[in-house]
C-alpha cells in the first residue's frame, strides 16, 4: 500500500489531520519550523505547497503566501532543499501540492524523481488533465510517490467512475465550488457524495477546500471521510508575527483540531 493510504488506513475510526502550508512562507526558516511544529502537535500527513504565481484553485490567503515566497526566491529547488532537510526528521509523510505547468517546465520525470529522492511520499496536481494521468501515475509508481486525484462536487457519475478506475491511491474530494479558503460551513451534501464514492471503491477519501475550524473538523470527522485538509486557516496563523508567536499559534491551533477530530468517531 502507498505511504499516504497506509497512514489513512491506520487511523481506523478517526480522521487524519492534514495541514497545508506554503513552502517559503513567511520565509524559508519559519516554514521549516512550521513543519516540525505541525508534526509534533498531531499532524498525520502534511501538504507542502510549491509557490506558484498562477494558482487558480487557491483563494486569496494561499495566493498571497505564494506571492511572498516567490518574492524571496522560493522555487522548486528551494522546496527540494526543505524536503531533504525535514523529511527524515518528522513522522508525518509530506505530500507535495503543485500545479502542472511548473512540473512540465522542470520535466515530469525529473520532478517526480527529485521529490521522491528528497523524501516526499505523495503528490497532488489540482489542474492535472485526467487524460494525461496515465504517464504520471506510472512514474509516481516507479518512484514510490502516491498520486492523489481530485473529485469535484460537479463531477458526473461517469467521470467519478473514470477517476476511481485510474486512481492509484487516495482520492481528494473538493468540499465546495470555487477556490480554497475559509468558509462558514461545509455543506452536508458532500457527505452524501463521499458515501456514493465509498460504495464504488475501497480507496480512502480526504476532504479539502474551505475547512477552517475545530467545529467543522469535528462535524466532518463523523462523515464518510478519512482525512481532513486545512490550509488557509493554518497559513493565517503564520502571518505578520514573531517566530515565537507564530509557533505558539500554530501549535495551539493544530492541537485544537487534533482534539476535535479525536473526540469524534466516524
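Please read every residue number as a count from 1 along the shown chain.
Cβ coordinates come from backbone N, Cα and C, glycine included.
Those TrEMBL annotations? Automatic predictions, nothing curated.
According to TrEMBL, the features are:
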type	residues	note
ACT_SITE	47	active site, proton acceptor
ACT_SITE	58	active site, proton acceptor
Going by DSSP, is residue 58 (active site, proton acceptor) sitting in a helix, a strand, or coil?
coil
Between the Cα atoms of residue 47 (active site, proton acceptor) and residue 58 (active site, proton acceptor), find the distance and write it as a whole number of Å.
14
